[in-house]
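Engineer: Got these off TrEMBL a minute ago, pasting:
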- 7-26: transmembrane segment (TRANSMEM)
- 108-131: transmembrane segment (TRANSMEM)
- 143-161: transmembrane segment (TRANSMEM)
- 181-210: transmembrane segment (TRANSMEM)
- 231-252: transmembrane segment (TRANSMEM)
- 287-350: domain 'MIR' (DOMAIN)
- 361-418: domain 'MIR' (DOMAIN)
- 566-588: transmembrane segment (TRANSMEM)
- 630-650: transmembrane segment (TRANSMEM)
- 662-681: transmembrane segment (TRANSMEM)
Amino acid sequence: VKAEIDLVLVAVTILGIWTRLSGIHFPNAAVFDEVYYGQFVSLYMKHVFFIDDSGPPFGHMILALGAYLGGFDGNFVWNRIGAEYSRNVPAWSLRVVPAVAGALSVPLGYLLVVELGCSHVAALVAALLLLTENSLVVQSRFMLLESVLVFFLLLAIVSYLKFHNAHSSGSGSSVSTWAWLFLSGAACACAVGVKYMGLFTYLLLLLLAGGHTWQVIGDRKLGNATVLCQVVGRGLALVVLPALLYLGFFYAQLSLLYRSGPHDQIMSSAFQASLEGGLSRITQGQPLEVAFGSQVTLRNVLSKPLPCWLHSHKANYPIRYENGRGSSHQQQVTCYPYKDINNWWIIKDPGRQELVVSSPPRPVRHGDIVQLVHGMTSHLLNTHDVAAPMSPHSQEVSCYIDFNISMPAQNLWRVDIVNRETEHEVWKTILSEVRLVHVNTTAVLKLSGVLLPEWGFRQLEVVGDRISRGHQQSMAWTVEEHRYGRSREQKERELELHSPTQIDVSRNLSFMSKFMELQWKMLTLKNEESEHKYSSSPLEWITMDTNIAYWLHPSSNAQIHLIGNIVTWSSANLGLVVFVLLFLWYLLRRRRKIEDIPHASWCQWTLAGAVCAGGWAANYLPFFMMEKTLFLYHYLPALTFKILLLPIVLQHLHHHLLRSSLHRRALGGLLLAWLSSVYLVHRRFCPLTYGQPVLSAAELGALRWRDSWDILIRQH
């Protein structure tokens, strides 16, 4: 048995583990976004459903795994930065997974430079730069996700380059070669599963793989069957496998989080009813099919600005509004964001007077004409050609009161089941999304979302919309609570509306239905963005004009900051500029048929640019188009790729631009001095990276190298 061990790789791996894992139990308090992620970890420990619009569930599950292995029971109040962890919170276990990911990113950076065709010396420089980059060290040592994201991004790129290089060398059909490609696809799925930011590098890798696959298709030395196998194999590894794994992350999440929680309200009634507790306790035992005589509550599907139910009460619209417009003075109809007895309606057959369900029940089907009777006031839902109070382009919706004036009742509604599968589909509790179309005017019952004034008790306006066409969620309603009415007298009916239902019907959603709804909510959910003391713009990241105070000791000057190694950041910026200028110079010269470097070196140069410069651009430029609160840590994936480009540029200068041995020795001396300065700056800022030793006020002031840095100094 022959085994080759790269001692340099082993050494940088050990150093990575030491710098990232050493003393990660300190501080024994919540550090910056640990407050944010800790809430989700606690919910995982208690199997409580939640939704986070910042990314898919895989990252949260990784953090929860560390908590589970550490025996965390989820009982901690994550309400402020700096809150001391109680004895039941295993700080080391919560932080160990991101720390290991950050440690392994160092050898992956080494391997990536090697796979790009550079020397082991250049790869060592890359590893040392990652080792001594203070911002990467800080982000790896706490319960945060950027280090995990960077790990999977580098793993995906390294695995793909190993596959590509093996294929180029003629061993593309071996099992180990294809294993690298499938590992790359799995890593891509994990990166996207940690944060949606991982999608940028995944798309870059797909472009790179697409270009290489196009070359394979054009290779006449390969047979048609071989080419077909290559294309299908790459598609399976880089497209099908990531898609399946992505679905798997959500399947695992929905299997683990089966209990009702604080985020239920933004989900559909059907989704809520599938969770243990919450709405499922209310809806358990409800009839499935809505029938004439059914007593129902109708929830609007949109759930914006708040989840709400069709509602009426014993209050009329004002005779005249503040702007002088008149109203019908009929009974108000609104959308109310709370459970209430006035949310109940009775589905009535216009041809009969009974408000009870017959035996056997007569189900309501798509296209049927119904009347909706308000359960507590017995008035019928009505709309007419009167302008709505807050949306004058739409019709007013009311409950009709006969005032003996020339305003006849217009209270017939056609049931339009939006998600029907057949033209005679039965209206189903929770499952059916229904539009109620007014027979006389063709207006659709719609939630406008506008708050009514004090006379409307600040409830949400409901209108009849005759203008909008096509499906809109604000026009769709679902039956959430449902019972078969049996009482014929109003007093008995009011008592019945307060009583629970009895009939048991199962309404379990399929996994794909849950996945599609959850994914859509995650992509469309917009939390209110607010300015944060440490938020920043992408332009500030390039020169590190900003920092983030992660933790401050309550009584001393001990503190932890997200601050990078300014020598590394500045050098990486310069390296990127040199690469772009050289690339453009070579490109123009080659257009003129002048080859300054061999073709193999040009291919290596372009591949390095596609991976490293492309990785920087793909992970940086999209932030200019994002309307969200941004922080310096969002730049760390882009920074990693830019750092890895620097030793590649230095090696290129050494090999191809410096002709004399004297110049090369001079460059070597400068590189040693530069690496020494990188290390010295790293050591200088270690107290802000690790939170210890405690510095004096004067020493902290000396570390404020930029006026824009917010170094917290406590004067004793």
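Residue numbers in this text run from 1 along the chain shown.
The backbone N, Cα and C atoms fix where each Cβ goes, and this holds for glycine too.
Bear in mind that TrEMBL entries carry predicted annotations, made automatically and left uncurated.
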Engineer: Between 143-161, 181-210, 566-588, who has the most Cβ pairs under 8 Å to the transmembrane segment (108-131)?
Structural biologist: 143-161
Engineer: Count up the helix, strand and coil residues in the domain 'MIR' (361-418) according to DSSP, in that order.
Structural biologist: 0 helix, 26 strand, 32 coil
Engineer: Does the chain bring the transmembrane segment (630-650) near the transmembrane segment (231-252), so that three or more CB pairs sit under 8 Å (pairs 6 or more apart in sequence)?
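Structural biologist: Touching, no - the transmembrane segment (630-650) and the transmembrane segment (231-252) miss the threshold of 3 or more Cβ pairs under 8 Å.
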Engineer: What average pLDDT is reported by the model for the domain 'MIR' (287-350)?
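Structural biologist: Across the domain 'MIR' (287-350), the average pLDDT comes out at 91.
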Engineer: Can you tell me which parts of the same chain pack against the transmembrane segment (566-588), counting only residues 6+ beyond its ends and a CB-CB cutoff under 8 A?
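Structural biologist: Same-chain contacts beyond the flanks: 129, 132-133, 542-544, 596-597, 602, 605-606, 609, 613, 616, 639, 642-643, 645-646, 648-650, 652-653, 674, 677-678, 681, 705.
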Engineer: Sort out the residues at least 6 away from either end of the transmembrane segment (143-161), same chain, that have Cβ-Cβ distances under 8 Å to it, and list them.
Structural biologist: 20, 31-34, 37-38, 41, 55, 59, 62-63, 66, 94-95, 97-99, 101-102, 104-105, 108-109, 111-112, 115-116, 136, 180-181, 183-185, 187-188, 190-191, 194-195, 197-198, 201-202, 205, 208-209, 611, 615, 633, 636-637, 640
